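Annotation comment: TrEMBL describes A:7-33, A:53-73, A:85-103, A:109-132, A:144-166, A:186-208, A:220-238, A:250-270, A:291-314, A:326-345, A:365-384, A:404-429 as transmembrane segment.
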């Protein structure tokens, strides 16, 4: 290991995750007890704290993993890596500090004060320079995951900037355009981190299987181009019901969903073709990747359905959208990143490759709790959709009160999810701390 | 094309007062609980057309803003701040309709939405 800084990024990522699930659980309690912590920690603070922590987990986990994998090569600049880490650590502290003080004048998902986007973008630039400088000499022979990482970084810089176009008066003055561009940028921002995370999944599968051809197959590159199309055009389903010109609403809702089939297919091929001895090596990483595989299939059905405008008409603006986003961020992104992190600690110390009984139980708890969590969100969404489209003047609070049992189910399954995530994250966090100390 | 103003119908320009209202909307994270065109949080109702709703409207909004009912924080908006938020909600209301109950669901699965000025 040339530098411990990739591990520092991962530790920061795991810390964000552990904090984020607590914020999420407390926020869900406010659905049941609206007055709970209302003055000390109101929902308007909890939600940005939860969302920012969740996004930070995915972004920092992906950055740390990619830096670790680059670190195995002749790395361009450890100094840039250290600067990147220090910058993000200080930005993260400022961000949480500003949230606690209530200084949030950004927008949904990026609620921090817009000034903080400058160090965030600068960090992405440093990351990009390090990646391209490290890998540039071999560009003609890049496996697909290098392309995915490079593309993810470039588009992340653009779409994070685009998400702040509202600071330009020309955009802000035109309300409909402002909203459409905002939600377009969020779709593409998510597509950019998916590029990083899916690239990591292909890297981990390639290395565990010991088959370098996997990252160079036609299917893998087809998937890359499909993902790229999705990143650029697959945001349309966010904005079906904004009063934009019809052509904008026609754009690319089918492509946004087709990439899942290919990723599932790649993972399926990998599992079928994995030599038996490898099941003992990196067993936890493999189990977690299989979990991601399951959630890809589970989300595929929902994703395909809500991308049909006639169905989206009823699901838009309801918890069904949240069920989809939770299914993907927790079920897919989180399990792929956990798999990558377990693979990393297993690479650094072979005794960490085995799976303990607690970890096996934790994966089962994770899947069970997430199924109940997603189903309760779907139930809440159906009830809300019925209220929006077919209610006879009943009030919003009457509809919310009628959801009481569903919200209890949501909170209980959220608690189960929190426990499973802690049982999976804390052992690997401890191992990472031990590796750093030695 | 996406950044061109011609792509959007109708083009609603926010007044300086509405921009002030939008700043207050953002600074107080109203989007955490409320939606506009179904986009936002789900702890509160969608506010796209609350301004023109015959049972709600500007007076209702003004009263509600500092009410602190249920999980809504206890705000202490001044009269001018309340007017700015109402102006912002008025501009949103003029931009279109949500939920778009007069949409036509076509056999192809497409949904033809009704625009505000149709």
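Just so it is clear, glycine is given a Cβ too, placed from its N, Cα and C backbone atoms.
As a quick check, the transmembrane segment (A:291-314) and the transmembrane segment (A:144-166) miss the bar of 3 or more Cβ pairs under 8 A, pairs 6 or more apart, so the two do not touch. When each of A:7-33, A:53-73, A:85-103, A:144-166, A:404-429 is checked for Cβ pairs under 8 Å to the transmembrane segment (A:186-208), A:144-166 comes out on top. The stretches the transmembrane segment (A:326-345) and the transmembrane segment (A:144-166) are not in mutual contact, being linked by fewer than three Cβ pairs under 8 Å (pairs 6 or more apart in sequence). Packing against the transmembrane segment (A:144-166) from elsewhere in the chain are residues 62, 66, 107, 109-110, 114, 117, 120-121, 124-125, 127-128, 131-132, 135, 172, 178, 181-182, 184-186, 188-189, 191-196, 198-200, 202-203, 206, 215-217, 220-221, 223-224, 227-228, 231-232: each is 6 or more residues past its ends and has a CB under 8 Å from a CB in it.
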